[in-house]
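Below is one structure; the comments refer to it alone.
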Amino acid sequence: MVEHVPFKLKSEFEPQGDQPQAIQKIVDGVNERKRHQTLLGATGTGKTFTMSNVIKEVGKPTLIIAHNKTLAGQLYSEFKEFFPENRVEYFVSYYDYYQPEAYVPSTDTFIEKDASINDEIDQLRHSATSSLFERDDVIIIASVSCIYGLGNPEEYKNLVVSVRVGMEMERSELLRKLVDVQYSRNDIDFQRGTFRVRGDVVEIFPASREEMCIRVEFFGDEIDRIREVNYLTGEVIREREHFTIFPASHFVTREEKMKVAIERIEKELEERLKELRDENKLLEAQRLEQRTNYDLEMMREMGFCSGIENYSVHLTLRPLGSTPYTLLDYFGDDWLVMIDESHVTLPQIRGMYNGDRARKQVLIDHGFRLPSALDNRPLKFEEFEEKTKQLVYVSATPGPYELEHTDEMVEQIIRPTGLLDPKIDVRPTENQIDDLLSEIQDRVDKDERVLVTTLTKKMSEDLTTYMKEAGIKVNYLHSEIKTLERIEIIRDLRMGTYDAIVGINLLREGIDIPEVSLVVILDADKEGFLRSDRSLIQTIGRAARNDKGEVIMYADKITDSMQYAIDETQRRREIQIAHNKEHGITPKTINKKIHDVISATVESDETNQQQQTELPKKMTKKERQKTIENIEKEMKKAAKDLDFEKATELRDMLFELKAEG
């Protein structure tokens, strides 16, 4: 039975500006069973806070889809803060590294599947699916990996092992049930998905938990006591009357179903081998027979094999070609989907199926997989549409799909800080570089920063060199720069190490810098992906965090995309100015803390940064050890909170300290 728990939003802020009307409109739309709604939220208007308020008012389990792991991690941290008493879960691909199996016919090269699974993310995925069967106050932040195949939710739910104090059950029966749901006995290396036995006591480490295991104590053939225990220290956390243990794998199957599945795989193998031999593809037939029989033997003996997901259509006893089960099937009948940055996320969802199919087809043609492997796939876009009943798209620049399916946009244009969309100035390209240099110099004199966006890598490099020769402190941001370096460059821009950053695509997350008062768009009239109306609006938004924000477009003609972006920005500005005038608000630049690589032991302003870099050299051995321990604690906490950027920064600091020790 799913427990009903209301959503409790914790925040020191109340909805402001046009947040209250946006929240009310979306809540009304959900209650009226509207299928599609779009929240058009300008940069910096607090879209996440609006989404949180909608979830609280509507009270439905909610899936929030982001277009990459970094964004999903940021959203997860924010929603955890907003809903500390509710189940906020994280569901992304559990691969730190993933090389899918592939075959290159031209060189006769088979690339074996190679993957590194992140155990913590696997635990979070199990936590997400089990939460959906236990409570209804669930928010799952997911990447596009939520449309990839998962086991049958009914089977997953029906195979739970339920233990209750006073229940008649022999110890051996519990052990058998645990093995049936993919738990393995390990009395020495006790970890997630295992159990250990000590006399009449069975300790089980659920796949969905991080540090807590369940201790079940027997008296004869009866369960005498159930306790939650810290698996490392043995400290008793609390007594339980009842506990539900969910399977250790999402691809779990009953023994009788496994027998039927194996028969189905054997039948398909027989048909496919005949087909290949008739076409005189003897090498492919031999390869397929050998690989499949090995997998079947593993399934008979272990109930599992490497790459078992490729047989998912048989394991779930579905017809060939049918829609796979995904995370979406684990939700009940009444739930909500929110798609963040929908103008990027929806095309990503749409494109997943074709890319996956092309790779698998080559494997099937050359005898590495059975044709049914095609059914272990992401959803087609039409299937995604069928499975989702109510959607809210969230974007500053909604795409064609959202515009086509939404009758009326819910606008959120007013920022709580009173900040306006920037002024836009279009200038001719003649003498643009000299004009640009004088504008940058003007900002440098006022201790402000500049972003310059170009169209090509070569132009970015040449411009950076030219600006350096002109005495401007500048750096070049491009796709080859690693995440950590990227964070450092942005931090250095904020701290004044650089006056300007030159780049090609400055739309990516993490470029919201309050110190930036000028955004320069070169070749604004060259139509294309980087100069489309949506890209221009997103780029213009980078100057909307500063009360002196301005955008200069260098162009010899005004394109349709430019005109749309200029008109839309002006429309928003007028609404924002009117609101500020009515409420007596003075726009104020956001004061955003600068997160530093060395923020663990000393506050990260410039003075402290200098102190910190000198600190390791002055420390005694004891002080250094203490500092290392503090940083290690903070690093583990950051990783646990999914603040991976901070964790990486702290890790590098540790290396530095240890090297100097």
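Here the Cβ of each residue, glycine as well, is placed from N, Cα and C on the backbone.
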Please find, within the list 70-93, 94-117, 142-165, the residue stretch that Swiss-Prot describes as motif 'Beta-hairpin'. 94-117
Run through the Cβ atoms and count how many others sit within 10 Å of the one on G44 (ATP binding site). 18
For G46 (ATP binding site), name the DSSP secondary structure in the helix/strand/coil scheme. coil
Other than G41, A42, T43, G44, T45, G46, K47, T48, which residues of the same chain sit close to ATP? List them in sequence order, counting a residue when its Cβ is within 8 Å of the Cβ centroid of the site. T50, A396, Q412, R415
Same chain, 6+ residues apart, C-beta under 8 Å of the C-beta of G41 (ATP binding site), given in sequence order: A22, K47, T50, V394, S395, A396, E411, Q412, I413
